Amino acid sequence: MTVRPPFFLFGGFGSLLLILAHKLEYLFPFYVGLAALAMGWLVWAAAPGKRINSTYLFLTLALYSFALSLFLFSTARFPSEALFWLRAGAIFGLATSVALFYFAVLFPKVESRPTLAQLALWGTWGGLALGISFTGLLFEKAVITPDGNGFNLGLGSPIYLFFILTTAGAAIQVLRRKQRLYFGASRLQVGYVILGGFLALTVPLLCNLVLPVLGFNQLLGYGPFFLLTLSAFGYYAILKHRLMSLEIVIRQITVYASSALLSVLLFLIIVLFGQAYFAGRPGFGLLTFSAFDALLIAIIYQPLVSIAGRVADRLFFRGRYDYRNTILKISREIASVIKIEGLTKLIAMSFVKTMEVSEISFLLLDREREHFRSIPMSIPRYKRIEIDVESPIVSWLSIMQDVLVRDEIEDEIDRQTAHTGGALAGTSDLEEVRDEMDRLGIPVWVPIISKEQLIGIIALGDKISGDIMTAEDIGLLGTLASQTAVALDNARLYAQVVNMKDYNEEILQSMVSGVMTVDQKERIVTFNVMAEKITGRKIIEVLGKSCEEIWGEDSLLNRIVTQSFKEHCFNNHEAVLPSSERGAVPVSIASTLLRDHDGKKIGVLITILDLTEIKQLEEKVRRADKLAALATMGAGMAHEIKNPLSSMKVFAQLLPTRFNDPEYRKKLEEILPREIDRIDRIVESLLSFARASALTFAPVKIDELLDETIADYKEQAKSAKVKVEKSYASLPPIEVDRGQLSQVFSNLVLNALQAMPEGGALRVMTLEGDRLDGEMKTIKVVVSDSGPGISKETQKRLFDPFYTTKYGGTGLGLTISHSIVDGHRGFIDLESEIGKGTSFTISLPVRQRGG
């Protein structure tokens, strides 16, 4: 493991020493030297075993040494000192030219080497140049003048200059030839070195030739340090995997250089104008004017950069930046696509047309989550591939979550191998990734990441032009992939919503109940097929309209919706709905108030159950019950009548022989009327049971009817020491058969009194029942006693015909009462517990017609 030197610590310590020594003019050379050392060391440390990295380190140190020697020459105070630094600079210049040529041959890879003859000639000439560098043949003497230090060249200087120029020219020729031959990343790397070399020559020439001619000599000693621009560009080209496009770099240099030049020129023009205007005038007008001038330049500099950028794009980089804008436009477009098929096709077509890649594939994870498969589509240059989720490429993309480029993998393998002198454990993994990329023939793999998971891959071939994927391209691909991930999530969510909607719609239309939902404005938004059958209204007629528009303001459904929004929901409410096709349809309605996650009311859900078949079944059951009751009653009646008839038959048979027997006559007078009365009571009960099925309804105040019944038994209650307690609710008149219902109440009150021979309490209550839209639909009547109660076994048979627990009873009272209540569409319930009394509850509808 290579230890990184503390460059920042060196910089701080060196700066402090120079400041304390009052050598501020040496700060810039010191910082440049520190930067050169850092760049050289970092490149060498990245792969110590590679010759190109070692050559770069030597080239950088030689360049800096050459520049530092010239700087020290320019600051020397004595001729001997100046001459020493001149000759040192000459030696470092030779080293720089040799290192530059060797770097050109090696970078980025060796294509051809000089022949032995060429090397011999070059070495001889270089040795000769080196030899004269130590003598007066190159520099005769150094001259110290107030205008700057100078020198006189010796007779051997042409030999030195020829070697320097031919060596540098050969290096440039090698790099130019490689730029023509190479493609992709190698070509771009060479381009960076050439651009760095151009800038490395331009700035020193400007500082040491152009500006001195204009009378500006302050930068003479600093110009050579800009030769290290070559090292900076070389550093970027060697270490950076994802290189920026040279066009972008040139554009940025052009834009900022032109903006700076315009700003300086504008500043100088304004200053010259101020000098002319304030000349000879007292005060600090010129100083204030100059301050405002500087402030103005600071304000307009950024707009100048923007203007220069637009001009450069229009004149020199039109195609390049139209392409970038196109990619950004695509990014916006994919956000609006909600179907996966359209989304993938849009992206694939955009890459083929805009980036001009040789091939493309769009892969998504299959349902089994075992493979990434290309989505089928028919577009030019589309490649169908399949890759396992355990493959090296997928593993790399899942872990790194970054764009995978084959050239970068190859560089990393070379770096690791060179760094260690052999293969590392991780190198084999990279080699597997590289080999799989070669097998599939795809050099660029863009991961689509959603929630830290790899959900898709965009696989791209090389550009048809041969250009590499630059840093801007990779950045744009990453942005596009991120937006694609969002779009894919949206598309999948949309598909899930559509599928769920279809699924819910299928369930809705298959339900045996009618289902209707309304929104917060009471407009119908859901209306299934069964609701259509029940109401007789077509789905197309009701959707988007309110219940009031369809059925009227006073309609049952409209009132249910209104009350439900007031949080008065209904559960199993039986009513009758009018239908244009079926007339009055008996239904059971339930409503639910719908709310969003914040609890805000958003609608009402109404379910409508068609009770037609149920009511028909109930009627059949009722008829069957009556037939069964009649059968039971017939059997019981035969038994009940047969007993008195048997007694009467015996007396009739004895009549001829014992007519004159006083004892016989006495028993005949006692038994015969009693048995006849018993038969009469049975027949009368049968007539009452028959009348229970023929009811005549009229409005009756239930509390008045109860008072009449209680009054009939007032004396009996008093004699039995039974206290009568009444509790009546405020109830509307209800539609009943007065006589029949009075018989029911009489039977219940009489049973209660007979159950309390030793006294007790008789409680008669009326209660409200169900309500709809504020209107009462049912009432309840409760008759309770404090008698001994009824056992569970007896309760089961209490309503059976001829079943009685009282001496002399017919056993038809509760049977007839149950039949009368049932004829009123009501219910009679029994609650009793031994030792705590008995309670009968009768539920009756207020009106006998539905609504």
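Even glycines carry a Cβ here, placed using N, Cα and C.
Unlike curated entries, TrEMBL annotations are predicted automatically.
Features as listed in TrEMBL:
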type: TRANSMEM; residues: 7-24; note: transmembrane segment
type: TRANSMEM; residues: 30-47; note: transmembrane segment
type: TRANSMEM; residues: 56-78; note: transmembrane segment
type: TRANSMEM; residues: 84-107; note: transmembrane segment
type: TRANSMEM; residues: 119-139; note: transmembrane segment
type: TRANSMEM; residues: 159-176; note: transmembrane segment
type: TRANSMEM; residues: 188-213; note: transmembrane segment
type: TRANSMEM; residues: 219-239; note: transmembrane segment
type: TRANSMEM; residues: 260-278; note: transmembrane segment
type: DOMAIN; residues: 500-546; note: domain 'PAS'
type: DOMAIN; residues: 571-623; note: domain 'PAC'
type: DOMAIN; residues: 636-848; note: domain 'Histidine kinase'
## Note on the structure
Per the Cβ filter (under 8 Å) with a sequence gap of at least 6 from its ends, the transmembrane segment (56-78) is approached by 25, 29, 32-33, 36-37, 39-41, 43-44, 85-86, 88-89, 92-93, 95-96, 99-100, 103, 142, 144, 148-149, 220-222, 224-225, 227-228, 230-231, 234-235, 238
### Query
Quick one: do the transmembrane segment (30-47) and the transmembrane segment (84-107) have at least 3 Cβ pairs under 8 Å, skipping pairs fewer than 6 apart in sequence?
no
### Query
Which one of these stretches, 7-24, 84-107, 119-139, 219-239, has the most C-beta pairs shorter than 8 Å to the transmembrane segment (159-176)?
84-107
### Task
Could you check if the transmembrane segment (84-107) is in contact with the transmembrane segment (7-24), meaning 3+ Cβ pairs under 8 Å among residue pairs at least 6 apart in sequence?
no
### Task
Over the span of the domain 'PAS' (500-546), count residues by DSSP class, listing helix, strand and coil in order.
22 helix, 12 strand, 13 coil
### Task
Would you kindly list the residues that approach the transmembrane segment (219-239) from elsewhere in its chain, counting only those six or more residues past its ends and only Cβ-Cβ distances under 8 Å?
28-29, 32, 35-36, 39-40, 42-43, 46, 52-53, 56, 59-60, 63-64, 66-68, 70-71, 73-75, 96, 103, 107-108, 148, 188-190, 192-193, 195-197, 199-201, 203-208, 211-212
### Query
Using DSSP, how many residues in the domain 'PAC' (571-623) fall into helix, strand and coil?
12 helix, 30 strand, 11 coil
